[in-house]
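TrEMBL has this to say about the protein:
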- B:Thr67, B:Pro68, B:Ala69, B:Gly70, B:Glu71, B:Gly72, B:Lys73, B:Thr74: ATP binding site (BINDING)
There are 2 protein chains.
Amino acid sequence: MSYKSDIEIAREAKKRPIQEIGDKLGIPTEHLLPYGHDKAKVSQDFINSVQSEEDGKLILVTAINPTPAGEGKTTTTVGLGDGLNRIGKNAMVCIREASLGPNFGMKGGAAGGGYAQVVPMEEMNLHFTGDFHAITSAHSLLSAMIDNHIYWGNELEIDERRVAWRRVVDMNDRALRDIVCSLGGVANGFPRQTGYDITVASEVMAILCLANDLQDLQKRLGDIIVAYTRERKAIYCRDIGADGAMTVLLKDAMQPNLVQTLENNPAFVHGGPFANIAHGCNSVIATKTALKLADYVVTEAGFGADLGAEKFMNIKCRKAGLAPSVVVLVATVRAMKMNGGVAKADLGAENVEAVEAGCDNLGRHIENLKSFGVPVVVAINHFVNDTDAEVAAVKDYVDGHGAEAIVSRHWELGSEGSADLATRVAEIADADVAAFAPIYPDDMPLFEKIETIAKRIYRADEVLADAKVRNQLRDWEEAGYGDLPVCMAKTQYSFSTDPSLRGAPTGHSVPVREVRLSAGAGFIVVVCGDIMTMPGLPRKPAALSIGLNAEGEIEGLF
Amino acid sequence: MSYKSDIEIAREAKKRPIQEIGDKLGIPTEHLLPYGHDKAKVSQDFINSVQSEEDGKLILVTAINPTPAGEGKTTTTVGLGDGLNRIGKNAMVCIREASLGPNFGMKGGAAGGGYAQVVPMEEMNLHFTGDFHAITSAHSLLSAMIDNHIYWGNELEIDERRVAWRRVVDMNDRALRDIVCSLGGVANGFPRQTGYDITVASEVMAILCLANDLQDLQKRLGDIIVAYTRERKAIYCRDIGADGAMTVLLKDAMQPNLVQTLENNPAFVHGGPFANIAHGCNSVIATKTALKLADYVVTEAGFGADLGAEKFMNIKCRKAGLAPSVVVLVATVRAMKMNGGVAKADLGAENVEAVEAGCDNLGRHIENLKSFGVPVVVAINHFVNDTDAEVAAVKDYVDGHGAEAIVSRHWELGSEGSADLATRVAEIADADVAAFAPIYPDDMPLFEKIETIAKRIYRADEVLADAKVRNQLRDWEEAGYGDLPVCMAKTQYSFSTDPSLRGAPTGHSVPVREVRLSAGAGFIVVVCGDIMTMPGLPRKPAALSIGLNAEGEIEGLF
């Protein structure tokens with residue numbers, strides 16, 4: 001039997017006009033700002049008007065540590081949303097926007113897969129509603145204004161060697177990682193070394209995704225530390241005077257984007273911060289608005305649960321006052337097999353023993369998630385070649401670890417395949433058994449926050465950090481930043497900082513290479529290992545085969 | 001008497017839903033892709049469907065050499081369009097999109113003024129429908145792919161010192177004019193010197209504005225010369241393999257943007273290439289589509305008629321097969337006075353003598369425009385303090401120079417003020433008296449083309465160019481580029497290359513500093529004097545006072 005590709009399925013989608021999708025949510029035409037016929041932004045006035053509504057239940061979808069076999073976290077998020085609607089619930093999906101640049105490196109980006117997708121797929125992987133372009137513009141304006149301030153006399157006494165604000169572009173361009181700017185003589189300013197990150201790594205992105213409204217957005221933008229003086233005094237974006245104009249540039253980008261699933265159910269796709277140097281969740285404004293409009297909101301967090309769910313709980317939920325009712329942990333038989341030592345080429349053959357051996361990673365995540373006070377359901381994202389014995393092995397393991405596992409076939413069957421999962425998830429959410437709490441308090445010293453995550457989530461024995469890092473953390477505590485959460489930046493492939501260490505390692509150390517203050521976003525980034533903030537293109541970039549076909553359709557993007 | 005500001009008038013506009021504006025043009029809902037409720041793109045399928053319609057009359061609005069007094073070229077374009085609709089004609093306006101970056105330097109950008117504006121003003125000066133972001137993305141992708149090609153082995157043997165393709169950003173950022181990229185070691189590539197231009201200076205912008213359709217767009221993108229080998233062999237965008245993916249990125253940007261005037265008449269606002277190193281006109285696809293949809297299409301060209309109209313005729317019309325029926329030359333009493341030697345501070349006082357003395361500049365433009373075989377009407381864009389005697393002086397002068405001048409009060413009165421102008425312009429257009437022809441043939445040698453423009457339009461005695469420039473032109477002729485038109489890049493403030501030389505100078509020389517081949521756009525850029533392709537921000541950039549007010553409205557942008 002052969003299966004259709006994601007793009008074939010997406011192209012066959014019977015999309016409804018976006019206003020019909022808005023109607024389901026009670027959004028009047030004048031408050032739904034269309035972008036084409038299948039995308040729209042929700043007006044701030046409408047969002048204001050629903051603030052007195054009761055909140056729906058928040059459901060987080062997260063995953064085991066990713067393997068090359070693929071887990072299908074977004075696919076499961078979309079499938080679960082459709083499943084809930086199928087069983088008669090009023091549910092919405094909230095996911096992140098894709099970054100444009102990386103699509104030209106590797107094929108990818110799609111929002112879900114199989115019969116659990118959000119559409120229009122092509123546009124969501126290209127310019128979509130322009131949010132990321134607006135973020136690039138706002139970031140670039142601040143960059144230009146900093147150098148312009150220095151050029152015209154440097155009244156703030158910025159030390160050119162200590163400009164912390166780099167530039168960004170939404171493109172994989174390794175040539176820009178490290179540059180010298182302002183060459184060419186007096187008219188072009190003072191030469192200095194700097195570089196570019198990809199747009200999703202911009203602090204502006206993290207801010208947009210954590211801000212409650214435009215006022216909060218401007219306040220946070222103003223709080224960004226852009227440089228230091230020779231005396232190490234911090235210079236803020238507010239000092240440069242860029243916060244107002246940046247807010248103007250981000251005015252539309254702040255509004256959630258409404259699209260639909262293949263089954264014509266509503267989905268917000270909004271924001272997309274890095275899951276390493278930022279918190280990796282869709283925007284607070286989208287999630288909170290969805291909770292006002294739907295009884296169940298299914299959202300996801302980046303990477304595996306050790307990074308994504310941890311930050312969702314400790315950063316996003318803490319800061320936005322959100323509390324998940326249930327967590328869905330996505331696992332696949334294939335990923336268990338890889339964790340159990342099977343090579344990717346051999347995944348096709350049944351291997352129950354390897355599945356059992358690989359379940360430790362899953363078990364660790366279950367334990368961790370429960371430590372936030374939230375019930376956990378494991379969704380076995382079914383692949384058509386998974387055998388019954390393999391599935392049973394995962395189920396048995398999960399049963400023995402204080403949770404339950406449910407097979408979901410949304411990829412193959414859409415909501416028909418996810419109805420069982422949806423039914424059970426709704427039951428648990430409705431039971432109101434969650435007693436959510438972040439795993440560290442605001443007033444814990446910063447280094448202890450790092451240790452708490454390293455020991456309780458990663459199960460490391462120790463955190464290694466030299467005096468410079470420890471002193472820096474103490475300085476920030478003295479400067480009033482001690483109550484911020486920490487945002488861990490480490491490999492997504494392992495609980496440890498060694499990407500090759502699969503399963504459920506213990507006894508390892510977490511070396512902190514560097515700490516960074518994202519004062520506008522409101523967290524301390526803790527860099528453990530190499531973190532790439534500007535990807536490069538591969539030898540044969542996907543761009544080489546991207547183009548329009550004779551029908552004017554986009555080929556090669558997926 | 002006090003007058004409302006442009007932004008006050010724009011905010012009071014009684015905008016109609018954009019679909020109603022589309023209805024006037026016969027565009028079905030499914031072919032009008034909305035961006036909010038007041039902007040839309042017209043689908044390619046619809047454009048294809050109207051190709052058998054007869055063309056309307058094309059009316060070019062141009063101006064005398066600009067002075068600090070302001071001429072109101074766009075204002076007159078919009079006012080004339082509204083005037084034509086007022087007198088019962090079916091007319092459309094086609095103007096250029098504004099660049100985002102410069103708005104944060106100086107206040108400005110507005111699309112028209114007074115009661116002759118296109119709305120929504122704020123959005124047209126910010127992200128609008130994202131066209132310029134798409135151009136930045138497409139340009140950036142090619143930039144990244146060139147360095148990526150070199151990084152992975154440089155199969156094409158690009159000489160890193162001879163990469164001609166710079167980078168672009170839509171921001172005034174002088175620090176990026178001249179940079180060294182690819183620093184930081186082996187993983188980041190081969191360090192080389194390069195720099196950024198502002199997005200409107202990108203050859204991609206010029207290409208988008210000259211392309212007939214997506215196939216033509218891709219062909220032209222492929223034709224871009226991005227670098228040379230050590231042996232001076234040209235490397236094309238097509239060799240890098242970026243043309244297909246760039247076309248995908250520009251797919252939506254190619255479609256014309258429909259908005260409305262304050263009087264709810266349709267306007268296309270599409271494309272915005274530099275008027276010096278590019279041709280400075282709105283897109284060919286918008287102009288051609290408008291001609292299919294309306295009986296009269298009013299469009300404008302950048303800068304004064306010596307640059308803007310000359311390129312409109314010799315580049316855009318030649319290449320797109322367009323022929324204007326009549327040219328409207330905008331002049332103001334104030335500008336005549338400044339040309340006649342009055343300082344800006346003294347413009348308020350009546351000074352008929354200075355008006356008369358300043359008319360030479362106007363007379364020269366009339367003569368030049370007529371040499372393209374097109375009838376000329378002078379529109380005196382009326383300012384409320386202009387006296388009858390001053391206006392009469394301009395009229396008398398124009399009468400004596402083989403044209404007629406008509407006062408237009410669209411700024412103050414909207415179409416009520418431009419009805420006379422519209423009536424006369426329509427009469428002339430309907431009379432079909434134009435016998436348009438470019439002033440040089442395709443097969444004239446390139447240097448002679450430059451001389452033709454310098455002598456016949458600028459009235460210079462000679463063109464000065466060293467052997468390097470002349471040899472370069474000959475090399476391009478041998479390489480098959482001899483049939484391209486030339487795109488002059490010189491100051492807009494004078495017929496000469498000296499911006500302080502007002503009036504109608506003769507006997508001057510035109511020094512050619514440099515020539516550049518825009519092989520994708522299809523012209524040879526001839527640089528005469530200093531041309532800035534990346535502006536800087538001023539000491540007190542407008543961004544400092546741009547922000548949202550308590551009502552959520554944008555302040556400080558205009």
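Just so it is clear, glycine is given a Cβ too, placed from its N, Cα and C backbone atoms.
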Considering the binding-site residues B:Gly70, B:Gly72, which residue's Cβ sits among the greatest number of other Cβ atoms within 10 Å?
B:Gly72
Sort out for me which one of B:Pro68, B:Ala69, B:Glu71, B:Lys73, B:Thr74 has the most neighbouring CB atoms within 10 A, since those are the binding-site residues we care about.
B:Lys73
Provide the number of Cβ atoms within 10 Å of the Cβ of B:Thr67 (ATP binding site), excluding the reference atom itself.
22
If H, G and I count as helix, E and B as strand, and all else as coil, what does DSSP give for B:Pro68 (ATP binding site)?
coil
